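The following features are taken from Swiss-Prot:
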type     : residues            : note
ACT_SITE : His12               : active site
ACT_SITE : His48               : active site, nucleophile
BINDING  : Glu32, Asp34, Asp92 : Mg(2+) binding site
DISULFID : Cys52-Cys58         : disulfide bond
Amino acid sequence: AGNRRPIWIMGHMVNAIGQIDEFVNLGANSIETDVSFDDNANPEYTYHGIPCDSGRNCKKYENFNDFLKGLRSATTPGNSKYQEKLVLVVFDLKTGSLYDNQANDAGKKWAKNLLQHYWNNGNNGGRAYIVLSIPDLNHYPLIKGFKDQLTKDGHPELMDKVGHDFSGNDDISDVGKAYKKAGITGHIWQSDGITNSLPRGLSRVNAAVANRDSANGFINKVYYWTVDKRSTTRDALDAGVDGIMTNYPDVITDVLNEAAYKKKFRVATYDDNPWVTFNK
């Protein structure tokens, strides 16, 4: 059992502080949080809005910085709200409201907020790994803005905790080109998926997994969204994904406990580096 693939069970659309405990207690070791921006490219709310997955309340939200503080409590050892299992947070950056030329600025403002309210200015802040998930390949300058700001503020080492994802279901080769432009190698998750009310095949997941497992691929980890059924969970695990985003973490947990899957997979812990490609 020593060489089982670590799996990140990603609680989907966790936008209110109270939902952090709710999803982790159901088995999530990772959460996905939506971030909306104001007209000046400041991250404003953790908010998804309508439409969203069927069966979910689309309108729960917090002020962004309040959410970061709540998340920090949940991921700081010794805090009364600490959840040891929560090790990865995917921020789904809703940059569609921004002009392309605001992307770099959005990255800078993002980094400032995260540094202050989540990382506590580098002084015993939250420990979770962070994925910046960007829906538009043209918004790759956000990554540089983010990195530049952390460096300027004296904490370039925090980039060790940061990974990347382009979530627009673009052609894998186009995603690779965007990372080249952004100067990013490594720490790359690749998402693929669709809202839970629509079916989607696994052909692009298979392409992402093939890239991840090839000698010259750029992808480190692959996740699939939004998976709410046992059958789809099994299909995704069979395809070799590293993460499954879900509205029902307990469903994914149940499948991982089935005999056939228990042998090959386990729930990732803090000791599993989410930027390292798993070797079968």
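Here the Cβ of each residue, glycine as well, is placed from N, Cα and C on the backbone.
Looking at Glu32 (Mg(2+) binding site) and Cys58 (disulfide bond), their Cα atoms lie 14 Å from each other.
For the residue listed as 'active site', applying a Cβ distance below 8 Å and a minimum sequence separation of six or more within one chain yields Glu32, Asp53, Arg56, Trp225, Thr226, Met245, Thr246, Asn247. Using Asp92 (Mg(2+) binding site) as the reference Cα, a 10 A cut-off selects His48 from the recorded positions His48, Cys52, Cys58. Rounded to the nearest whole angstrom, the C-alpha distance between Cys52 (disulfide bond) and Asp34 (Mg(2+) binding site) is 11. Those same-chain residues not listed among Glu32, Asp34, Asp92 yet with C-beta within 8 angstroms of the centroid of the Mg(2+) site C-beta atoms are His12, Met13, Val14, Asn15, Thr33, Val35, His48, Val90, Phe91, Lys94, Ser133.
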